[in-house]
Amino acid sequence: MFVPRSLKIKRNANDDGKSCVAKIIKPDPEDLQLDKSRDVPVDAVATEAATIDRHISESCPFPSPGGQLAEVHSVSPEQGAKDSHPSEEPVKSFSKTQRWAEPGEPICVVCGRYGEYICDKTDEDVCSLECKAKHLLQVKEKEEKSKLSNPQKADSEPESPLNASYVYKEHPFILNLQEDQIENLKQQLGILVQGQEVTRPIIDFEHCSLPEVLNHNLKKSGYEVPTPIQMQMIPVGLLGRDILASADTGSGKTAAFLLPVIMRALFESKTPSALILTPTRELAIQIERQAKELMSGLPRMKTVLLVGGLPLPPQLYRLQQHVKVIIATPGRLLDIIKQSSVELCGVKIVVVDEADTMLKMGFQQQVLDILENIPNDCQTILVSATIPTSIEQLASQLLHNPVRIITGEKNLPCANVRQIILWVEDPAKKKKLFEILNDKKLFKPPVLVFVDCKLGADLLSEAVQKITGLKSISIHSEKSQIERKNILKGLLEGDYEVVVSTGVLGRGLDLISVRLVVNFDMPSSMDEYVHQIGRVGRLGQNGTAITFINNNSKRLFWDIAKRVKPTGSILPPQLLNSPYLHDQKRKEQQKDKQTQNDLVTGANLMDIIRKHDKSNSQK
């Protein structure tokens, strides 16, 4: 049998309290045609249906309207008459009667329809009794093939390959390295660490002594060698230390916190035991996908996605299925907490991803309200591409004896990105963009173009397709969640040559296929600039970022010069000769000089005393 996600029972006065009435659904002609090719033993489905009926006749949990589990027991005819409701549907027998899944909803592992139920034997999502029977047959056949191909391994392998607990210990290879070798390694890789008694970085994932299943999943997902941030952050996280981490965009921060999350949740009995907070739906969906890839094959490891823009009832019900890891946006999770539909007292590790974006989007108080429901001894990890002063202040509030890990220079663009700054007046921007898209050396589809408004994104996308003939599409916050998900999928699969976007794609998303970014409109801050050009250069890949500037960005001229020029990029003469740049430079130098004068040193001590005496005498 399996556990239904949202099962409803009809009770009439004449019923015995145990019967189910099916909702009649007319199948689509396509479904009927597809079903002719299906070959499922009818007796398997019938047996499963009988089992479900027996299960329903006993005490069985169902979700109440408020999202809480309610016990359903046999009731008397009198009570049944009181509680009778309009006709409601039972467990679906055939997949053709099940609807297709909406974005973010669980998907049947057999046919891809809405995974309304969870198979109790495998914890996989299925849509009907038919697909459950198919799924169990597939599992059985796979097990038999595995035994035939390697009988000795099948006999020797224990049912549960995991130990009762996990404690990270430094690998003998790492222990045998000299201290100067470790320091040289950190220096060569650009790893800066601050904190007390910080463990050494790993050089290979196998140095963590992770379960074999997890090591296999890492390789399958393309993680061959850890990146610098992963080398230091993973062992520190596995030891349970609080962390404030900053690294270049695309440096592998997600996997760096997912491994400690998985290992912590794997050996915890309480559910949920891990929480990951992200500022946007798209980032949450991406993190859950990566988490599922790494968790595949690990026992009792389930995730739930709690984000706005997707139906709430399936999320509430999924919460009741003993999920280990919650991946959520602050607003949706706080709403669920206020409904008392989730308990976070068992959470042992919390990750706040893209923490600086959280603050800029006004989520700081929501994050703090959520963390008030977390135990005080919970491990906390703050992750971001940049660490402004506001993040430093938040870290001082949330973290206890933290380890600060920084790879690359704070708040600087990724070194793998070739940056080109062009002076382009507003009327000439479209023409310049079309020139870039027609340049064989620069044009490497798909190209991501950033603009500063939604209407501008739509109009520019239409112009690109009309003038250049390239397949172009726009994406922004006014597009529906389904549209945005399909556009993202199309971008990753190469369906679009140009995507024109507002800042919705500027943070956190791994767009591995993108090699060229054009900032059609200069972002409003250098932090946003860092994130937007960071859509290229992901995970060590090289890329190019072209930015159009003019006097509309005059307040950022000195910041652009300071941060971009050291990378070797040639800046346009209009920028270097701008009076705005020189004025900003002069003001900053005066500010620095004033700061130095305010510092009391042996050299200026007497001057400060004389100045103080003079000001007092004038009074």
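Using N, Cα and C of the backbone, Cβ positions are placed for all residues, glycine too.
Copied over from Swiss-Prot:
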COMPBIAS  80-91  compositional bias 'Basic and acidic residues'
CROSSLNK  Lys26  SUMO2 cross-link
MOD_RES   Ser64  phosphoserine
MOD_RES   Ser76  phosphoserine
MOD_RES   Ser156  phosphoserine
MOD_RES   Ser160  phosphoserine
MOTIF     203-231  motif 'Q motif'
MOTIF     353-356  motif 'DEAD box'
ZN_FING   104-133  zinc finger
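If one looks beyond the motif 'DEAD box' (353-356) by at least 6 residues along the same chain, the residues whose Cβ comes under 8 Å of a Cβ in the stretch are 253-254, 257, 276-280, 283, 287, 382-388, 390-391, 394, 507-508, 527. Sorting each residue of the motif 'DEAD box' (353-356) by its DSSP state yields 2 helix, 0 strand, 2 coil.
Per-residue pLDDT, averaged over the zinc finger (104-133), rounds to 83. Note on the zinc finger (104-133): DSSP counts are 5 helix, 8 strand, 17 coil.
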